[in-house]
Each structure stands twice: as C-alpha cells, then as structure tokens.
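Participant: Have a look at this one before I ask anything.
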Amino acid sequence: MPRLDVPSVRAVSTDDSLTARFDPRANSLDLLRLSLAVFVALAHGTQIAYGHQPRFGHTDLGALAVDGFFVLSGFLVAGSFLRLGSPARYAWHRALRILPGFWLCLVSTALVVAPVLAVLEGGGPEEVFFGERSSFWYAADNAFLMIRDYAVAGLPTGTRTPGVINGSLWTLWFEAVCYVLVVVLGVVGALRPGRRRLLVVLACVGPGLFLVAQEIWGVELSGGRYMRFFFMFLLGTLALLYGRRLPMRGGYAWGALAVVVLSVFLLRDYRPLGGVAFAYLMLWAVVGTPWLRRPLPWDLSYGVYVYHWPIATILTTAGTGALPVPVHLLLLMVVTGAVAVMSWLLVERPALQHKDAVLPFVRVAKAAAD
C-alpha cells in the first residue's frame, strides 16, 4: 500500500495519549507498513500455490493485514489533509503516491508477466496481445484503479487462483474512495475542532452497524466491502481527531489483543466486535514499540504489496510450489523485494519529488478567491 504523509499531531505533554506519544520523526510506521505488506505477500503466496492461506479462526492473515493498512491510512491521510490545507494539493499528493506505481505495475503485468505466463503454460508470448481480453485490454480497462478484469487472455490457469493475474490491486480502489471521503469530511469542516466532528463519528458508526447486521443475518449485503473499508479507515481517522483522549498503554493493548483473538474465533466477521480493538492495536504498535522505530531510507511497502501476486503466479506456474513451503515463500520475497526496490527507485520516488510542484489549477483557484 502507498506511503502517506505523516501528520504532525505531537503535543507538548507528559501524558500517555496518542497525540502526546506520536512523534512524526520517531515512530514505527515504516517497519509496521512494510511488515503488513510482507504478511499480505506471504498469505497470498500460499494461497496461489497451495489453495489456502494462514487463518486465525475465521479470518485470513491477508484480511487482517489489509485492515491494518486501512487503519493507518485513516490516521495519516486525515492528518495530511489538515496539514496541507488545500483539497487540490491533497489530491495531488495522493495521486502522486498511488497512481505512478499502480500504472507501472499494470503495464508490466500486461506486457511482461502475461507473456511469460503464456510461455510457461506451453503457448507463445504473442498470444496475450491478440484476441479477447488481451494485455492491452487488461491495462486499459483497469487503468482507473477499479479492477474489472483479473485475467489476461484467460491466464493464469496453472495456479490455485486461476484467472487472477494480480489479485492484490482491487483494494486500491477502496483506498482511493476513502481518500475522497476525507475530502468530503474536510470540506464540511468535520475534521476541525467543534461539533461537526460528530459527522466523522456518525460516518464510522454507520458502517459498523452495517457490519453488525451482516454478522447477525449471516449474509454479505450489497456494499459490504465499502462498509468494511470505511469502518476500518474511519477508526484511524477518529484516533487522529480524538488522540488527546485516547491513552496508549501496554495493558490496554493486551486487552485489545484478547478481544481480537476472541472475535476471530467466535465470529464469521471479527470486525463488529473486534474492529475497534484491532485499530487500537495498530496504533499502539506505532507508538508503543520503540524497538521498531527505525526510519527506512526506501519505502518498499507499496511495491511489495502490488507486485507480490504476479510474481507468485509466475513462480508457482514455473513449479516452485513443489518445493518446501518456506523455500517457495523465500524465493517469492527475494524476487518481490528486488522488484519493489526498482519500482521505488525508478518510479515512486521520482514521482514524489513533484509533490510541491506549482499546480496551475491551484493558482487559478487562489486568484479567483482573491
């Protein structure tokens, strides 16, 4: 998942609140986000090769890790909006972080991964460029984040997830929608101190009640994915807004862990009971783990997140699933890490260097306001 701007919410205080303990320059965000991306990659790597992934009760490891990303995004993105003070500048920052890397992944999947898979499955590399659902169709149809085509020319067929060439990109659409939600809340003043902050509370409670209804009725209702991601994302946003009232203590973290464990084993969807506790655990991990406060020079979490699936698909099709599971997963992480480094150095970091570029439409808006 994309790295986000860190909000400056540190307060001059000796208490143990989230606001007081969060230091934008000394926290565990870098390693925590990379760890979540690795967990997603390992979970999907086993699913692609063996047809299952590690589970805790009724909840997949990958689902927990993605939820963690959304909690942290809700905390950080809202802070970014408040810090930048401009919806246009905020949108520019978000677009630079998420789109260049996404487009590179989409094009490389269509033009490199798909032909390699065609050869590994006994065909010719040119087959993916012609006919129905070609490589070009795949790249064009998915270019605006909403993933509507998961296969390229019917590939892959030699994995335990046939017809899915990259099954990790679909969550980026929901992340982008959450970014828009922040703009809406920010424009109406719900992110500033005052009674309007209750709008954020209501925006979070609504999806939470939706998830409760799903759990009670035992069915997934229309819009369930949106409600899941809105709920987890807005829990992070509420933590930012009410951070001065949110104590970060080890004892509370242990209690939250107990609630999460109970939830994943008792409920089909842990979030109605354990979602708040899981969000607390994620935020406690940011400020309560001094041994993880290691700023990383490169942000590889996004590259690991978007590239691990097609790499695992190639490796599995090539036969590495027959190797011992640890060997297969080690190969996956080595190759994925190398590709993530190239993505960061060649595309993501250069794109981020334009964050402070002068935006003509922002100048026009300011001139009109003056």
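Placed from the backbone N, Cα and C atoms, the Cβ positions cover glycine too.
Automatic prediction, not curation, is the source of TrEMBL annotations.
Worth saying up front: this structure is predicted, and the values here are computed from it rather than measured.
TrEMBL lists these features:
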DOMAIN    28-342  domain 'Acyltransferase 3'
TRANSMEM  31-50  transmembrane segment
TRANSMEM  62-84  transmembrane segment
TRANSMEM  96-120  transmembrane segment
TRANSMEM  170-191  transmembrane segment
TRANSMEM  198-219  transmembrane segment
TRANSMEM  225-243  transmembrane segment
TRANSMEM  250-267  transmembrane segment
TRANSMEM  273-292  transmembrane segment
TRANSMEM  304-323  transmembrane segment
TRANSMEM  329-347  transmembrane segment
Participant: Please determine whether the transmembrane segment (31-50) and the transmembrane segment (273-292) are in contact (criterion: at least three Cβ-Cβ distances under 8 Å, sequence separation 6 or more).
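Facilitator: In contact, yes.
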Participant: Before we move on, state whether the transmembrane segment (170-191) and the transmembrane segment (62-84) share at least 3 Cβ pairs under 8 Å, counting only pairs 6 or more apart in sequence.
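Facilitator: Counting Cβ pairs under 8 Å (6 or more apart in sequence), the transmembrane segment (170-191) reaches the transmembrane segment (62-84), since there are 3 or more.
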Participant: For the transmembrane segment (198-219), which recorded stretch in the set 96-120, 225-243, 250-267, 273-292, 329-347 gives the largest number of Cβ pairs separated by under 8 Å?
Facilitator: 225-243
Participant: Which bits of the chain, at least 6 residues beyond where the transmembrane segment (62-84) starts or stops, bring a Cβ under 8 A of a Cβ in it?
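Facilitator: Tertiary neighbours of the transmembrane segment (62-84) are 1, 4-9, 29, 32-33, 36-37, 39-40, 43-44, 47, 53, 56, 90, 93-94, 171, 174-175, 178-179, 182-183, 185-186, 191-192, 228-229, 232-241, 264, 271, 275, 278-279, 282-283, 286.
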Participant: Determine whether the transmembrane segment (329-347) and the transmembrane segment (96-120) share at least three Cβ pairs under 8 Å, counting only pairs 6 or more apart in sequence.
Facilitator: yes
Participant: Looking only at the recorded stretches 96-120, 250-267, 273-292, 304-323, which one has the largest tally of CB-CB distances under 8 Å to the transmembrane segment (225-243)?
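Facilitator: When the Cβ pairs under 8 Å are tallied, 273-292 comes out ahead.
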Participant: The domain 'Acyltransferase 3' (28-342): mean pLDDT?
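Facilitator: On average, pLDDT over the domain 'Acyltransferase 3' (28-342) sits at 97.
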Participant: Which residues of the same chain, at least 6 past either end of the transmembrane segment (250-267), have a Cβ under 8 Å from a Cβ in it?
Facilitator: 56-59, 64, 215, 273-274, 277-278, 280-281, 284, 288
Participant: The transmembrane segment (96-120): which same-chain residues, six or more beyond its ends, come within Cβ distance under 8 Å?
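Facilitator: Apart from its flanks, the transmembrane segment (96-120) reaches 2-4, 126-129, 135-136, 138-139, 142-143, 145, 152-153, 155-156, 158, 165-166, 169, 172, 175-176, 302-303, 306-307, 310, 313-314, 317-318, 343, 346-348, 351-352, 354-355.
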